[in-house]
Amino acid sequence: MTKLNLVLMGLPGAGKGTQAQRIVEDFKIQHISTGDIFREAMKNETKMGVEAKGFIDKGELVPDSVTNGIVEDRLSMDDVNDGYMLDGFPRNLDQAKALDEMTGRLNKPVTAVINIHVDPEVLIARLSGRFICKNCGATYHKLYNRPKVEGTCDVCGHHEFYQREDDKPETVKNRIAVNTKLNTPLIDYYEDKHLLYNINGDQDIDDVYSEIQKVLKAL
Ligand code: ADP
Ligand code: AMP
């Protein structure tokens with residue numbers, strides 16, 4: 001089996017975090033979510049976190065000069081030698097090219113790109129119902145994906161949840177617009193490299209995962 005050095009693509013709300021939780025557990029690879037890294041930095045009010053917040057709260061992208069460095073630092077660590085899954089990076093062509101360069105330098109090239117496709121109209125409902133475990137970051141939905149035991153996180157057993165600031169309807173619309181514009185060239189870029197696998201994300205969470213599993217097992 002090819003080493004799983006993966007990129008998980010999809011518009012905000014497509015289900016990247018939800019599927020990532022399952023993939024990393026089953027395939028024993030490291031999950032690298034740039035959004036999670038920024039949220040942790042914002043929570044801790046680090047210099048980078050304070051800078052990122054100005055962009056994130058408006059639904060804009062954090063500048064590449066900040067984001068690329070964070071990813072390279074993370075990919076340089078030894079715990080990703082046996083595989084990684086990038087979630088939310090790259091988000092534009094310059095980031096994709098920077099990723100090629102850094103993974104070349106580190107000898108950890110991307111081996112497949114999973115693109116979860118969902119029509120934009122569906123995404124607004126998804127994001128407005130999303131809530132997240134305060135302790136471990138596991139993602140739920142008030143209608144489509146409730147914890148098995150009401151009020152208790154399936155993953156870590158904690159009881160406190162929060163809604164993301166940037167899941168407010170006004171910010172959601174801008175996030176979807178910004179990412180839709182950037183997504184198409186990125187899809188073409190990975191298609192040309194024969195790395196792209198398209199997944200239908202507009203079906204039950206378990207069915208989306210079955211499609212992804214099939215692709216990963218065949219690699
Ligand atoms: P992303 O990481 O791509 O932004 P998430 O994984 O956080 O997306 O999913 C967004 C919201 O939609 C969450 O509330 C999640 O529980 C819910 N969700 C994820 N996948 C599905 C699906 N296939 N059907 C319905 N709801 C979903
Ligand atoms: P996410 O959790 O992936 O939805 O990301 C939340 C927010 O973090 C995004 O709306 C961006 O503001 C920022 N962000 C995450 N990943 C990136 C990236 N690769 N490039 C720029 N900004 C990012």
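Heads up, the Cβ atoms here are built off N, Cα and C, so glycines get one too.
What TrEMBL records for this protein:
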BINDING   Gly13, Ala14, Gly15, Lys16, Gly17, Thr18, Arg130, Thr139, Tyr140, Gln203  ATP binding site
BINDING   Thr34, Arg39, Glu60, Leu61, Val62, Gly88, Phe89, Pro90, Arg91, Gln95, Arg164, Arg175  AMP binding site
BINDING   Cys133, Cys136, Cys153, Cys156  Zn(2+) binding site
DOMAIN    130-166  domain 'Adenylate kinase active site lid'
REGION    33-62  region 'NMP'
DSSP residue counts for the region 'NMP' (33-62), split into helix, strand and coil: 20 helix, 1 strand, 9 coil
Binding-site residues compared (Arg91, Arg130, Arg164) - the one with the fewest other Cβ atoms within 10 Å: Arg164
Coarse DSSP state, helix versus strand versus coil, of Arg130 (ATP binding site): strand
Tyr140 (ATP binding site) in three-state DSSP notation: strand
Greatest inter-residue Cα distance in Å for the AMP-binding set Thr34, Arg39, Glu60, Leu61, Val62, Gly88, Phe89, Pro90, Arg91, Gln95, Arg164, Arg175: 24
Alpha-carbon distance [Cys156 (Zn(2+) binding site); Val62 (AMP binding site)] in Å: 30
Protein Cβ atoms within 10 Å of Cys156 (Zn(2+) binding site), excluding its own: 12
Model confidence over the domain 'Adenylate kinase active site lid' (130-166) (mean pLDDT, whole number): 95
Closest of Gly13, Glu60, Arg91, Arg130 to Cys153 (Zn(2+) binding site), Cα positions, binding-site residues only: Arg130
Lowest local Cβ density among Val62, Cys133, Cys136, Cys153, which the record lists as binding-site residues, within 10 Å: Cys136
Between Cys156 (Zn(2+) binding site) and Arg130 (ATP binding site), the C-alpha gap once rounded to whole angstrom: 18
